[in-house]
Amino acid sequence: MATFHAPPGQWYTPTASESITKNNPIPWFVFQCCVFFALRDDLQENLFDGECGEDVHEALRLTFHDAIGLSRSGRLKGTGADGSMILFSDIETVFPANDGIDEAVDSLAPFLTRHLVTAGDLIQFAGAVGTHPYQHQLPGAPRLEFLAGRPNATFPADDNTVPLPQSDATTILERMADGVDFSPAEVVHLLASHTIARSDTLIPGHDAVPFDSSPFTFDTLFFLETLLKGNGVPFGVNNTDGAEVDSPLPQSGEMRLSSDFLLARDRRTACEWQAQIDNQQLMMSNFKRAMAKLAVIGHNPNRLVDCSEVIPQPVPPVRKPATFPPGTSRGDIEQACPSPFLRTDPGQATQIPACPDGSLDLDDCPS
């Protein structure tokens, strides 16, 4: 089987000698993957702008919301990672759990008219490509697998296939098990995505509210900071629908989801949660496996084509170990398993950047 190989950190474009001609036949594998080279460059240049900004965060969120639309028990209708979130956007984007997902849908939909790909492939491909922007790169994100060949959805997924942030741990774990037989540990692994997640809808009047203090670095701080005692809500604005609980760093603008708070302390997930802290390689490999499983929900992987070579090479993680934010310590851990010993950063309270370039004001972010 032919494969493409790119120098580390560089994009790969098939050469003239690799073009498909009568005298130079290319395996069907390569023919099916070729369309994704142009799509990759189009996404990087015209959607992600080469940086780990809000469009990257939203694209990664969309991979989950589209794929989890399946029920093994048959209680809910849906066929998994099928692009139904785009194809039936007028129905699915109004579901409560999909609040705000319309921005990602509207951003990706035009690419369907410019490239010969299905909606399901587009969503999963955009999520994989987005974690490796070519300018302001995202340290620590693993290189995700990408398989191509998902057929388009023919009907929308039902409401309630996506768990709500105010759902209790049992409801979340049961939904994930029904969706694709995700174990409690795999649910934890998938939530590594929250290390770069931000909310545009949960805090009234505030956009891009981060879930940890390093939203432009794929690291383990999310798992650590979720275990710290909460002492307030960011901006002094209380979320009244139960989706938010007190944050350990409200003065820095960090929020905490109720669902993350509960899973970090639940007996079925707490030890796996804590195992990710300060273990970057473990978290990366766990997340990569969980995303590979998520991306093919509703499909037989053996009938898809492995086009992972199109995904850019990853950027190595930062070398700084996980540390407690200034003003916090091991004594602030709400411990459910034996806690790892970590240092506390010196200095003033943590300032969380609003932009990939480190700017603190959202208005200063590159447009």
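Quick reminder: no glycine exception, Cβ is built from N, Cα and C everywhere.
Feature list (source: TrEMBL):
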type     : residues                   : note
DISULFID : Cys33-Cys307               : disulfide bond
DOMAIN   : 60-341                     : domain 'Plant heme peroxidase family profile'
SITE     : Arg61                      : site 'Transition state stabilizer'
ACT_SITE : His65                      : active site, proton acceptor
BINDING  : Asp66, Gly80, Asp82, Ser84 : Ca(2+) 1 binding site
BINDING  : His194                     : heme b binding site
BINDING  : Thr195, Asp212, Asp219     : Ca(2+) 2 binding site
DISULFID : Cys271-Cys337              : disulfide bond
REGION   : 316-367                    : region 'Disordered'
Cβ within 8 Å of the Ca(2+) 2 site centroid (Thr195, Asp212, Asp219 excluded): which residues?
His194, Ile196, Phe211, Ser213, Ser214, Pro215, Thr217, Phe218, Thr220, Leu221, Phe222, Phe223, Glu225
Chain-mates of Asp66, Gly80, Asp82, Ser84 with C-beta within 8 Å of site centroid, Ca(2+) 1:
Ala67, Gly69, Leu70, Gly78, Thr79, Ala81, Gly83, Met85, Gly120, Ile123, Arg150, Ala153, Ala157, Ile297, Gly298
Averaged over the domain 'Plant heme peroxidase family profile' (60-341), what pLDDT does the prediction give?
94
DSSP secondary structure for Cys33 (disulfide bond), reduced to helix/strand/coil, please.
helix
Give the residue counts of the region 'Disordered' (316-367) per reduced DSSP state, in the order helix, strand, coil.
6 helix, 3 strand, 43 coil
Sorry to bug you, but what's the C-alpha spacing from the residue listed as 'heme b binding site' to Asp212 (Ca(2+) 2 binding site), rounded to the closest Å?
8
Which of the three DSSP-derived classes (helix, strand, coil) applies to His194 (heme b binding site)?
helix
10 Å Cβ neighbour count around His194 (heme b binding site)?
22
May I ask for the distance between Asp66 (Ca(2+) 1 binding site) and Thr195 (Ca(2+) 2 binding site), taken between their Cα atoms and rounded to an integer number of Å?
20
Provide the three-state secondary structure of Cys307 (disulfide bond) computed with DSSP.
coil
C-alpha of Asp82 (Ca(2+) 1 binding site) to C-alpha of Cys33 (disulfide bond): distance in Å?
18
